[in-house]
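As structure tokens, the structure follows; a few thoughts come after it.
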Amino acid sequence: MTAEQRQNLQAFRDYIKKILDPTYILSYMSSWLEDEEVQYIQAEKNNKGPMEAASLFLQYLLKLQSEGWFQAFLDALYHAGYCGLCEAIESWDFQKIEKLEEHRLLLRRLEPEFKATVDPNDILSELSECLINQECEEIRQIRDTKGRMAGAEKMAECLIRSDKENWPKVLQLALEKDNSKFSELWIVDKGFKRAESKADEDDGAEASSIQIFIQEEPECQNLSQNPGPPSEASSNNLHSPLKPRNYQLELALPAKKGKNTIICAPTGCGKTFVSLLICEHHLKKFPCGQKGKVVFFANQIPVYEQQATVFSRYFERLGYNIASISGATSDSVSVQHIIEDNDIIILTPQILVNNLNNGAIPSLSVFTLMIFDECHNTSKNHPYNQIMFRYLDHKLGESRDPLPQVVGLTASVGVGDAKTAEEAMQHICKLCAALDASVIATVRDNVAELEQVVYKPQKISRKVASRTSNTFKCIISQLMKETEKLAKDVSEELGKLFQIQNREFGTQKYEQWIVGVHKACSVFQMADKEEESRVCKALFLYTSHLRKYNDALIISEDAQMTDALNYLKAFFHDVREAAFDETERELTRRFEEKLEELEKVSRDPSNENPKLRDLYLVLQEEYHLKPETKTILFVKTRALVDALKKWIEENPALSFLKPGILTGRGRTNRATGMTLPAQKCVLEAFRASGDNNILIATSVADEGIDIAECNLVILYEYVGNVIKMIQTRGRGRARDSKCFLLTSSADVIEKEKANMIKEKIMNESILRLQTWDEMKFGKTVHRIQVNEKLLRDSQHKPQPVPDKENKKLLCGKCKNFACYTADIRVVETSHYTVLGDAFKERFVCKPHPKPKIYDNFEKKAKIFCAKQNCSHDWGIFVRYKTFEIPVIKIESFVVEDIVSGVQNRHSKWKDFHFERIQFDPAEMSV
């Protein structure tokens, strides 16, 4: 089992616990577990139920070290009948299981009616396909020995734990076939909302047991004047009107009056609830026969998912239609029809930009209200700004069509590069101009109430020591110097690139420089094409190795030397597994010559990282003072997330923290991001009182994601601008919370101090702008808008015309010919394949390490350059519908003009302007 599989099993354990009854698979796992462990699991189920038993089973499972146990676990699930769970774990995709949650909630709520009206014997034969065989036997036995209601209760419990995605529909058909009264309540076809509303009619005044969350941050569930724990607040009757706080009404007031507004209020105060108030008021103000249409923009996918849930639960009960669209769903639905058919639409902004550009949405006039979450992003070429460019062109042009009201939400408007209040005011006015805002709403009249809800953490900056001597860095730096010299000697002309001074190893600056050199080498051309191939391939290898060495130095600076060394060992292992030519053998030999010394240095206790020692002291002290402390630890990179998680787990004094990790979904050159279900699972575990006590996160956690209340925030070599500072600090929401900045750099501390000064300037500037009369503020904003439009128009670039000339694609590593652009076809908008058997002879396939099915594609293999000793990664081989085709990535190739011979690199397909021909199945049969 790989470390990643173990980590994923940890991340998804909450899904597994909800479904798995481990006693059903113990017979298959008996050779992997001790007899005593099997007995403990059985006892845990008998005493506390299957969920606690599953938790204990996973605990034992994750302790196993022998090879093969993970596959044995999957086989056990499959043979026991847990096919859905087995499939989810194999692909690490729990979306099908997650979609069942609303049906589980409904069945829990309707369980009294289910027990009162259903005889399990009448429908068990129909439902057997959705249940484990052993569950069917237990239901029959309980029905026969304890009666109908006890049997129905057991059946409901088993259905709620079922991993079969069709169980809600099968239950409906079984109930209808039996003419059961319960079928009137269980209406799957017409949706969860209809079924719930029918249940509400039958329940009368009975309080609902379904919990709803309608806020940006968990503590804002307590919208009354009596702050309490979330569990208390969430038990309110579903239909009781939620009482806003006075400061929330103050924030909502300008927007309720119809003004374009930027709402600037601290993280944790419930800005999402404010947006719900505004949205509800807006939709209700239209006279009979007219309707409003609201669009809510969320910038990040986890935030989008969160807000889609919040808006749905709040507004569906008021009779409004709500829909949500993201990049993951936009290809399979008509965005135009979704917008036409719904009152409220939750969107990621790029979806609207794309549909405005292709004409599917004619203009922004289809909406009556636009709400921008994290609106401080409305700048430069961000999708928010692209939407507002359309808005402002419409406003400043001759069109008479009505424009929607605009509302922006943010914890900080920022000050840009401003050093004075005047410059800050100019920056804020620019943001107001971008959003066409006439008001900045802040809490002024109800500050005392706000301070009772949002606690500003105590900020502590600690300058920590760096290593006084660093033998590890010296050894790696020497290897880098030797590699640079080898690269320099390959080509006299390109060797000049390596003569540039002031490139410090182990820095982001060096990373940027080596990436630039890497690109320059890849398009280097010579008259002798064989020699060009040799030179480019050698330089590709040298620059790749330099980049990995630089990565390792960056890791060792903030983590343990062993983490950096393991990173390099994994890299050289991959090198040996791929094409292993003379150059790579030489580079590997040099590394292995130093490996024993590197191992010795990294294991030496005297080389412990002082930063980690200081982090240890902070955690020890805070958890000693307050054992129930919940911590978010912010770090810069995913590699550091993994390293610190390992460090905490291996430290006996800290392992009780049970660290969780939260990273972004995007892919970097070093790692694949977390899937959305994995992110949600981690957040749920962190919110649970007994699970993770510390969450190690990258920047994905500092903006907008709904993270539970915590009382300790640690910024580990982590600093940004004033907006980032306010957002990360805002994650410490409990009373008496603290925010530590730990860094070895005096510059970082100075930057943080500068951010604190800028925050004061920002607040001061907002207050001054709020004293301006409406006319003065409006004129200032209008002047900026006119000037910005003139600048935009003067810089307007015509759309690039696709180049219809045929071009060559060459391997980005060895420069071997791959294909012509004339043979490339576009599959479903964003995938690119190559036609013809000739191309298939130029690559080799290897099994994909993570085969997966998504939409119409099934990943089957990875494809690599077939030239001897190259094996450059070209993309993947997939099954698309009934076809098996290669899918290539443009960053793996160099594009050569056939006529001029000029070569270029493109990191994204959108930057490569060639004539795109759509995939036609008819061509595959030619």
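Backbone N, Cα and C define each Cβ position, glycine as well.
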Among ranges 221-224, 245-248, 373-376, 625-628, whichever one Swiss-Prot labels motif 'DECH box': 373-376
Site from Lys645, Lys813, Lys889 that Swiss-Prot describes as ubiquitin cross-link, others unannotated there: Lys813
Neighbourhood of Lys164 (ubiquitin cross-link) by C-beta distance under 8 A, where only residues 6 or more apart in the same chain count: Cys83, Gly84, Glu129, Cys130, Val170
Proximal residue to Cys870 (Zn(2+) binding site) among recorded positions Lys154, Lys181, Lys813, Lys910 (C-alpha distance): Lys813
Cβ-centroid neighbourhood (8 Å) of the Zn(2+) site, Cys811, Cys814, Cys865, Cys870 excluded: Lys537, Gly812, Lys813, Lys815, Asn816, Ala866, Lys867, Ser871, His872
Per-region confidence, the domain 'Helicase ATP-binding' (252-431) (mean pLDDT, whole number): 90
Sequence-distant neighbours of Lys154 (ubiquitin cross-link) in its chain (C-beta under 8 A, six or more apart): Pro120, Glu138, Ile139, Ile142, Arg143
Cβ neighbour count within 10 Å of Cys865 (Zn(2+) binding site): 24
Residue among recorded positions Lys48, Lys181, Lys859, Lys910 with Cα closest to the Cα of Cys811 (Zn(2+) binding site): Lys910
Cα-proximity to Cys865 (Zn(2+) binding site), 10 Å cut-off, over recorded positions Lys96, Lys813, Lys910: Lys813
Candidate nearest Lys859 (N6-acetyllysine) in space, where candidates are the recorded positions Lys96, Lys181, Lys813, Cys814 and distance is Cα-Cα: Lys96
